[in-house]
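Pulled from Swiss-Prot, these are the features on record:
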- Cys50-Cys100: disulfide bond (DISULFID)
- Asn65: N-linked glycosylation site (CARBOHYD)
- Cys144-Cys196: disulfide bond (DISULFID)
- Asn193: N-linked glycosylation site (CARBOHYD)
- Cys249-Cys297: disulfide bond (DISULFID)
- Cys339-Cys386: disulfide bond (DISULFID)
- Asn375: N-linked glycosylation site (CARBOHYD)
- 408-497: domain 'Ig-like C2-type 5' (DOMAIN)
- Cys431-Cys479: disulfide bond (DISULFID)
- Asn468: N-linked glycosylation site (CARBOHYD)
- Asn489: N-linked glycosylation site (CARBOHYD)
- Cys521-Cys577: disulfide bond (DISULFID)
- 600-698: domain 'Fibronectin type-III 1' (DOMAIN)
- 684-713: region 'Disordered' (REGION)
- Asn765: N-linked glycosylation site (CARBOHYD)
- 805-901: domain 'Fibronectin type-III 3' (DOMAIN)
- Asn860: N-linked glycosylation site (CARBOHYD)
- Asn895: N-linked glycosylation site (CARBOHYD)
- 902-998: domain 'Fibronectin type-III 4' (DOMAIN)
- Asn913: N-linked glycosylation site (CARBOHYD)
- Asn931: N-linked glycosylation site (CARBOHYD)
- Asn956: N-linked glycosylation site (CARBOHYD)
- Ser1002: GPI-anchor amidated serine (LIPID)
Amino acid sequence: MMFPWKQLILLSFIGCLGGELLLQGPVFIKEPSNSIFPVGSEDKKITLHCEARGNPSPHYRWQLNGSDIDMSMEHRYKLNGGNLVVINPNRNWDTGTYQCFATNSLGTIVSREAKLQFAYLENFKTKMRSTVSVREGQGVVLLCGPPPHSGELSYAWIFNEYPSFVEEDSRRFVSQETGHLYISKVEPSDVGNYTCVVTSMVTNARVLGSPTPLVLRSDGVMGEYEPKIEVQFPETLPAAKGSTVKLECFALGNPIPQINWRRSDGLPFSSKIKLRKFSGVLEIPNFQQEDAGSYECIAENSRGKNVARGRLTYYAKPHWVQLIKDVEIAVEDSLYWECRASGKPKPSYRWLKNGAALVLEERTQIENGALTISNLSVTDSGMFQCIAENKHGLVYSSAELKVVASAPDFSKNPMKKLVQVQVGSLVSLDCKPRASPRALSSWKKGDVSVQEHERISLLNDGGLKIANVTKADAGTYTCMAENQFGKANGTTHLVVTEPTRITLAPSNMDVSVGESVILPCQVQHDPLLDIIFTWYFNGALADFKKDGSHFEKVGGSSSGDLMIRNIQLKHSGKYVCMVQTGVDSVSSAADLIVRGSPGPPENVKVDEITDTTAQLSWKEGKDNHSPVISYSIQARTPFSVGWQTVTTVPEVIDGKTHTATVVELNPWVEYEFRVVASNKIGGGEPSLPSEKVRTEEAVPEVPPSEVNGGGGSRSELVITWDPVPEELQNGEGFGYVVAFRPLGVTTWIQTVVTSPDTPRYVFRNESIVPYSPYEVKVGVYNNKGEGPFSPVTTVFSAEEEPTVAPSQVSANSLSSSEIEVSWNTIPWKLSNGHLLGYEVRYWNGGGKEESSSKMKVAGNETSARLRGLKSNLAYYTAVRAYNSAGAGPFSATVNVTTKKTPPSQPPGNVVWNATDTKVLLNWEQVKAMENESEVTGYKVFYRTSSQNNVQVLNTNKTSAELVLPIKEDYIIEVKATTDGGDGTSSEQIRIPRITSMDARGSTSAISNVHPMSSYMPIVLFLIVYVLW
């Protein structure tokens, strides 16, 4: 036993090593694993991994087969961190079991065992194999005899030459246990050379044996014989938990035996079991305890059967059920550490301390894997490992034991400075200093020791319990803690207050959606205490942020009233006001019932359907605390715009009725229905839609609309209509009956149009008179029968082009660029339809008729004016009528010559003289050229400068008098007139507003005044035109 002062010195030394960092023993992060190194690998080294964490950082060493590896002596070994690197591995020196040791100042741990093996495959000996001679029908076994090797192998056989491998089937089998080739019944095609191919599953190296010749004997064919099992599994085969077990079975025989499997106990195979290689292999993946037992292979042919039996035994490596964990425990206390593992056979246990076997003594005992150490000392600290093992493996569990010794210390677990309780309550004052071993405690109130009595008692953990607290118990309490390493004190101040009471509690209320309400919660409390109001809604804390638009706390310091605005159905439920102080808490609850419009009805069904009715039933939904008064039904079809309220029987559905018949439905239409409930609050949410149903078929009732027609080609009667919408077709097989007859005839001609979307029908017959009237009607039908016809309407047959030309065609020259063509209309009976107008064709004498220009006039016009023509040139023209079918023949051609062009010389030397009411104009006479029209007169165009309306004065003289109020500026032009049109305009004259009694001007110099050599007032009778 170490003296207390020595233990304290040791603890202080360890604390200095750690500084402020927390000391920690080694803990493995990576441990080495079993490895197989391929002999001859290009990689010239192998690494066994080992890494541990700890503070201080661990250092490492390794053992091979239980002996330390001396890194300074063995140049082939190298440490890289904690990893062991083996350079140029050698199977003679390096094969074995490796373990890693990680050590720091707190102890040592040992890794799991890792086996290093070397995989190799040597060559077959070059030795000729003897010829195998058998009879036809006899079975044979060709031996492989693999060369020396290490590591798992796979086998195959070559027949004669590579790459012709033997294909396994019910007659031929290659054992992956022995490598031998088995042929149950030899056939002539089997004669040849057989070579065993052995492949390493680790290195992929492949070697070939010497060929074995197989020949047939000449002394006859082997007769039939019963099966002889040549490939069978061991009588007892251990199988590991979770492994894949493969049992081989193959027999020789004639005829070829059939292989079957079964369990000896008669239990069926589990679904995971697979039969492979034509039942020659039974495979059990993920082997478990229930897969253990006896298995039988039955080989059978017509000559008999043979059975091979074997037992699979289950084993499991140790697996931890309970690991050990780090423990920190006080000196002189006792340690009980239990580790438990499962496995078969049952594991045994041993313990290590700091990497070495734990030495048992009087204080240290191991029983059933559990470690007990009594009267702990600091020197018991270290790294411990529990090892569970059976013959199939072992597992390690590591943990650190820290044995601590310290004087009482309140710094890590200080006492509460203030404890508040209410009168009459029970209070416990804690006193739990950190101390190893645990400290003994005593108490003082002020300077007086606290003695135990019926209300005051000392707790086992050192705390003080006071029952039925009074005001006199208030004060300062000191806990004095002591062990063999020292003592310490802690203080708590106890405050005793009056209890909190709710003076105005919330009460049950009944409200409607949209209203607002206040739930009161007012209290009386000790003035020394702060108070907190908390509201709970249906057991959850009321969320004033998320539901801030509805919830708000109102009231003063002693009030926590809850206002709920614009109440919704979701606010219905239980409300609890929780009042908390630092000492106590009280609460009061109230139920709030919110009445709202009904919830959606449920389970809407269509119980019966006809062509125009549907009988519905439903179940009542939530009434939301207000009884349902009535129901309404809505329907929707693929053709409707949203949901529509429908007519029902009864017309008004009261709240106690849960069935109704919908009427006035369209036949053969797919409907959905939903139900809406209403109460005093209003209409609720609609139910979910019913399943889609289709009404029954019926005879159609609605004929097509907009029956009309006309147009088309020669000898056609075109009849058109608007198709009947699908929702009004009332059934399948819908179509149209088109009936027509010439006006005045009694017998109808009928035809059927089978497409419901067709909008027209064309009747063709050479006897149809163009543009003749027909009476037309269109009916409907479907598979149920014929429906009504539309009202009779008149439709005209197709037109033909007119057959006669217009008469009395004449042409008149209007100017140098215009002529007017006129004619008489053609008779209506000869128009062969509705006359649309006339087409005028014209060309000049120098052109060709084929390149003539054309102009159309609509309706019954009997003249046309042709513009943009060339002057003084002969033009030819003809006219024909046209309708929608085309144009008729042209009239006889007439000709006319356009007039000469107007003079190109404008009126010159225009002068003016103005008074306050008159303007006198003079200009020089315009003389026409030989190729121009003779001047017949003049036109004077005048307007105010602020307007666009032009007025015209016609005169046959070279002067004119304008009576004008000269109140603003005037713009004046002069043109010569001829039969060929108006000549070129003079320059514009601007006559300014008169400010003096007399003003003069001319086109040559408008700003100068030109005296006239002679002046004669001329009184003119004027004709004024407004030019556009």
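Glycine too: its Cβ is placed from the backbone N, Cα and C atoms.
Within its own chain, Cys100 (disulfide bond) has Glu31, Pro32, Leu48, Cys50, Tyr60, Arg61, Trp62, Gly82, Leu84, Val110, Ser111 as residues 6 or more apart in sequence whose C-beta sits under 8 angstroms from its own.
Taking the glycosylation sites Asn65, Asn468, Asn765, Asn895, Asn913 in turn and counting surrounding C-beta atoms within 10 angstroms, the largest count is reached at Asn913.
Spacing of Asn468 (N-linked glycosylation site) relative to Asn765 (N-linked glycosylation site) is 120 Å (Cα to Cα, whole number). Sequence-distant neighbours of Cys521 (disulfide bond) (same chain, six or more apart, CB under 8 Å from its CB) are Ile502, Leu504, Ala505, Pro506, Phe533, Trp535, Gly555, Ser559, Gly560, Asp561, Leu562, Cys577, Val579, Ser588, listed in sequence order. Around the Cβ of Cys431 (disulfide bond), the same chain contributes Met415, Ser441, Trp443, Asp461, Gly462, Gly463, Leu464, Cys479, Ala481, Gly490, each under 8 angstroms and 6 or more positions distant in sequence. In the predicted model, the domain 'Fibronectin type-III 3' (805-901) shows an average pLDDT of 87. Under the DSSP three-state reduction, Cys196 (disulfide bond) is assigned to strand. Long-range Cβ proximity for Cys386 (disulfide bond), meaning a same-chain Cβ under 8 A and a gap of 6 or more residues, is found for Ile324, Trp337, Cys339, Tyr349, Arg350, Trp351, Gly369, Leu371, Tyr396, Ser397. With a cut-off of 8 Å between CB atoms and residues at least 6 apart in sequence, the same chain places Tyr155, Trp157, Thr178, Gly179, His180, Leu181, Cys196, Val198, Gly209 near Cys144 (disulfide bond), listed in sequence order. Checking each of the recorded positions Cys297, Asn765, Asn860 against Asn489 (N-linked glycosylation site) by C-alpha distance, the shortest gap belongs to Cys297. Taking the C-alpha atom of Asn765 (N-linked glycosylation site) as reference, the shortest distance to any of the glycosylation sites Asn193, Asn375, Asn895, Asn931, Asn956 belongs to Asn895.
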